[in-house]
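Features reported for this protein in TrEMBL:
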COMPBIAS  641-650  compositional bias 'Pro residues'
DOMAIN    98-261  domain 'Glycosyltransferase RgtA/B/C/D-like'
DOMAIN    540-626  domain 'Putative mannosyltransferase YkcA/B-like C-terminal'
REGION    636-667  region 'Disordered'
TRANSMEM  39-57  transmembrane segment
TRANSMEM  116-140  transmembrane segment
TRANSMEM  152-170  transmembrane segment
TRANSMEM  176-192  transmembrane segment
TRANSMEM  199-216  transmembrane segment
TRANSMEM  222-240  transmembrane segment
TRANSMEM  247-269  transmembrane segment
TRANSMEM  338-354  transmembrane segment
TRANSMEM  398-417  transmembrane segment
TRANSMEM  424-446  transmembrane segment
TRANSMEM  452-471  transmembrane segment
TRANSMEM  478-496  transmembrane segment
Amino acid sequence: MTGASAILNGMSSGTLGQDTLAPVEVYAAREPTGRNPRWWWVGLTVCVAVAALLRIWGAPGTAGNGNLYYTAAVLSMSQDWTAFFTGALDTAGFAAMDKPAVWLWPSALLVKIFGLNWATLFLPNAIAGTATVLALALAVREAFGDGLPARLTALAAALGLAVSPINVAIDRNNSPDAIMLLALVLAAWLAIRAVRRGRLGPLIGAAALVGLAFNAKFFQAYLVVPGFALMWLVSGAGGLARRLGGLLAAGAALAAVSLAWPLMMATLVTDPPWISSSSDGSVQGRLVDIGSVHFSESPAATDPMIQTILGSLHTGEAFYAGPPGLDRLFTGALADQVSWWLPLAVVAVVALAFRLRQRRRDDPAVAATMLFAVWAVACWAVFSLMSGTLHPYYTSMMVPALSALCAGGILAAWSVWGEGDRRGAWLFAAQALAVTVWTTVVLYTTTAQTPSALPGIVLVTGVAAVGAALVGARREPTGSLVALAALMAPLTWSVLTTSQPLVAFNPLGNQPGREGLTVVPKPMSDAFVMTMNPPVDPRMIDFLERNQGTAKWIMAAPSAISATPITVASGGAPVMTMGGYYGTDPNPTVPAFHEMVRAGEIRFLLAPPPGSSFVSGTAVDITNWALGNCRPVDPMTGAPAPLPPMPPQGPGGQPGAPGGPPAQMPMPILLDCAGAA
């Protein structure tokens, strides 16, 4: 029998193969198991308070309207129950966002009761991010026990997540990641609890929570599934048959909860809206298309400049995520958002493996180490190698696992050192060296605004910690030095973030200097940022609402990017989103739009000038038809208006130069299509 099969069957020699429940103390306990000393509650309160302050402080003055795509959805969901269940971008139910509606339900209910404001739009995510910190502390404590070092490990992991810059940034935004991550960390807590108690119930609950996370961001939530499966297969109680049965039961729970919303859309909604970023408008089509979007080559273009722009947007390089590759998370903005503790985590896993080498397979600490290690590796592999769009904030999903591993590794080495084993001191010094060297490199190479003294302070602190460990100094002050070296820079980034306005479509910790796009020419970058959150004249909204008549929508726009600002500015008035997010979805068809115009369901269309679109699709075809057949009108008065001239364009030129694309996004044109079809 091989070693692997021996582990799976629980029959290996020595202690690893025992099937009895393992003791949960990884470190030597200084207090009786089960006690909750006052300092534990104080420490937990501090971690939660730090998390809450970093996610809420100054946010009402810097958040604005957030990501308008989701803000428009929540406004529509708050005004119409069908839109509430489907995630429609308009109350008439023409198109829905490309995510499940479930994660926005809390915010939509709050907006319905209290109206749209900072608290109803952003507070659910801030609370979710803060709750995730608490959940991680409970999960790590569940794994490592009740002794002093174990509790310190839990608090250190929680504090690391609390001050993580990319998590602070995304938790101050209105994107689905915070809700997804809360569900996943709660699932980790329950799964570790299932191992510790030898019961299937918590495992089923964990699977259900992963399914709930799926209903926030679809397949991204499943990146943790290999870690959960391996943990239970190796560390679950009982023989192999019982563990396999547990996996099957958990898989059934995962599938049931994951499919609940898609099945509701398919069976209970008689005329569901078109799901954005899908080829056929269905949830199933969206699920199929996710893989092709995130692991496909960028679209081709004949103009080299346009090809560069489209390619950088497709991979996420334009969003400071860097090109795909094994070193992706160590370069660009990702280096100072998520990579702070990556080298430390590698050494920490070694320290944990050394500490746990004598433990049984069903020890909760062994289980948690496997879970978080596979969680981190799966995220690293997918985020590094995916060729489709990667926003840096996607990597916030890694941080709970990294924080748990780093805290566990440092405290494991600290405990071995305390037992008089010099190998513990060496492992402690190695971790201090890893985090110090890499943090210093990041601080010296980042393009973000960095306090001039910070790199030197981190370097001196870390070197002092390494030296103290090697010469056998007292562990307590040495541990404090390592904590400072590891947390000082991320905490600085997060504190700076509390006073900075974030770019809602691409939030970063310590954002200034990275508000636009990289790779593309700066004028186009600035124009793109303006397009994502343009000023909307209230006089145009008033004109559109006064002239809506019996039409279903106050206007149509060729993409969600151009439609959602109008929806938000109008307080949720229905705007037809043609073409999905970027305008590339085949919805509606040209004949269908003509029929809607003839039926009086739509009158106005907001269009870019001729030739200014970088994409193709039926929305572009409809826009071009409207430019040739509908009347340009002044958006304030409805009076006839001329089409603005377009600058000359051709292959190969620089933006704004003869033969190149325009230096800035042209102003949109309001077209009156009454009687045009």
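In case you wondered, yes, glycine gets a Cβ from its N, Cα and C as well.
For the transmembrane segment (338-354), same-chain residues at least 6 beyond its ends with a Cβ under 8 Å from one of its own Cβ atoms are 160, 164, 166, 329-330, 365, 369, 373, 376, 380, 392, 395-396, 398-399, 402-403, 405-406, 408-410, 412-413, 416, 423, 427-428, 430-431, 434-435, 437-439, 442, 486, 489-490.
Residues of the same chain lying 6 or more positions beyond the ends of the transmembrane segment (116-140) and with a Cβ under 8 Å from any Cβ of it are 44, 47-48, 51-52, 55-56, 59-60, 63, 65-66, 71, 74-75, 78, 106-107, 110, 153-155, 157-158, 161-162, 167-168, 170-175, 178-179, 181-182, 185-186, 188-189, 192, 368, 400, 403-404, 407-408, 571. Same-chain neighbours of the transmembrane segment (452-471): 417, 425-426, 428-429, 432-433, 435-437, 439-440, 443-444, 477-478, 481-482, 484-485, 488-489, 492, counting only residues six or more beyond its ends whose CB sits under 8 Å from a CB of the stretch.
Long-range contacts of the transmembrane segment (398-417) within the same chain, counting only residues at least 6 positions beyond its ends with a Cβ under 8 Å from a Cβ of the stretch, are 26-28, 132, 136, 139-140, 143-144, 149-150, 152-154, 156-158, 160-161, 164, 166-167, 181, 184-185, 188, 227, 338, 341-342, 344-345, 347-352, 354-356, 365, 368-369, 371-373, 375-376, 379-380, 383, 423-425, 427-428, 431, 435, 469, 475, 479, 482, 486. Outside the transmembrane segment (424-446) by six or more residues, the chain places 335-336, 339-344, 346-348, 350-351, 354, 406, 409-410, 412-418, 454-455, 458-459, 461-463, 465-466, 469-470, 472, 478, 481-482, 485-486, 488-489 with a CB less than 8 A from a CB of the stretch.
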